[in-house]
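Positions annotated as Mn(2+) 2 binding site by Swiss-Prot: Lys257, Asp262, Asp280, Glu341. For Asp262, Asp339, Glu341, the entry in Swiss-Prot reads Mn(2+) 1 binding site, with the evidence type similarity to another entry. Per Swiss-Prot, active site is recorded for Lys269, Arg343, and the stated evidence type is sequence analysis.
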Amino acid sequence: MKEMEVRAFKDDIKKYKGKSVAVFVYEGDLKPLARLSKGTSNKAKRVAELENFKGKEGEILKVPTLGTSVDFVYIVGLGKKEKVGEDTYRRASANLVKRMRRDKVESTVVVIPRRGDVSKEITKAITEGAILGNYRFDKYKSKKEDEKFEIKEVLINRGDEEGIRLGKIFAEAQNYARNLVNEPGNVINPITLAEEAKKLAEEFGLECKVYDEKQIQEMGMMALYSVGKGSATPPRFIHLIYKPSGKPKEKIALVGKGLTFDSGGLNIKPGDYMRTMKMDKSGACAVLGIMRAIAQLKPDVEVHGLIGAAENMPDGNAYRPDDVIKAKNGKYIEIDNTDAEGRVTLADVLSYASELKPDKIIDMATLTGACMVALGEYTAGLFTNAPDFAEEIKKTAKRTGERVWELPMDDERLRKKIKNTVADVLNTGGRYGGAITAAMFLEEFVGEGIKWVHLDIAGPAWSKEEYGYYTKGGTGFGVRTCLEYIMKVSSNV
């Protein structure tokens, strides 16, 4: 399958001769149509008025314009002008590409409402939207839908070349993560995930260290080992490293939860809750996607990608409720429930990350159903020990369209819930405030003086529906926000 091309069209749009043009318009404003040739513009405007097209976000009208320089015009609504941001363009571009696929249209050129050159940021957003919107996971379909049809190109009128380059890298990294999330547990397990990391490192010039179950025990990572020891496929610890050529402006550690499948262990999940648990590796897949892009972007930031990969299965050798396990940083964990395994694996990975003495740690984990209860399926919970760092991540997430919402960690009454134990810390905190007590558990394993943000991506890591630039399945949530933030640190913006 040939990949869809996204590139700039630098000429006056009136000179374009092709199948279609896509004009993005604000709600109630069809003036951008006047940028087309007079005949095309008049036909498109007349039909839009007859069809009562408003230009609301998500609206797309296809107008036949045979006899002019193009066969038809897509009029794509952006919504109210004052509410339009980068993510509006990203969503509009994705919706356009999905409509093109439905109509079997191979190419188009995008025209935005503003005159003149398109900014790097908006070009990047349109590029990302097109590539993300064109994503499909049909690897396991013996007969593919639209097997003989592929969109060939999306052109951006007066688009910025650097914006296109960045948009491609960001979106392809997210799609790479989506592919990994969507792979089932019989394909991606701890060993094959580690092999994928090594393959990625070799292809993109990263350093990669993989530790097997024996080495994991020797390193004192008994929490990670314990979660994975009930599976026929033993755990792996993965460490990917990117170092810039000069002195790094910062050192950032990215930590991803890598449960390649979560049955719940001895506290086994009911069947309905076990379905889709291949997505419990979403944090790890996001880290791999980010590292893929970092190797191409080459920021002046040292970046470490850290993944604890395990499969949580019931077995005669599986860890049990009441077990007490010593984590890498020397703290003892009492197991209350084996289905609260993600935080147990992350205890060791965060401890290892802290030993690297980074300036900042960002962890991403499909950690708690409680976070979904609190925030819904589309928003990640954000938890932190550093308010200034959290604000930067929140600002970045607003630009990328990856919704996050900060939840509090200052109630010591909740913290006591994970201290009611024979050990240093308990792996559950009771029914209420579960996302917060899980984050408080993780904080126990973050080193002194290190700024840390935890993203509970249990909701937005997986989509049950198609919307915007997402299809059903893995979303690759967190990839673009982390990349955007790292590039911001690199450029000192």
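Backbone N, Cα and C define each Cβ position, glycine as well.
Note that the structure is a prediction, hence the values are computed from the model and not measured.
Swiss-Prot feature annotations superimposed on the structure.
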| residue | record | Cβ within 10 Å |
| --- | --- | --- |
| Lys257 | Mn(2+) 2 binding site | 32 |
| Asp262 | Mn(2+) 2 binding site | 26 |
| Lys269 | active site | 15 |
| Asp280 | Mn(2+) 2 binding site | 27 |
| Asp339 | Mn(2+) 1 binding site | 20 |
| Glu341 | Mn(2+) 2 binding site | 29 |
| Arg343 | active site | 28 |
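Within 10 Å of Lys257 (Mn(2+) 2 binding site), judged by CA to CA distance, lie the following recorded positions from the set Lys269, Asp339, Arg343: Arg343.
The secondary structure of Asp262 (Mn(2+) 2 binding site), as reduced to three states from DSSP, is extended strand.
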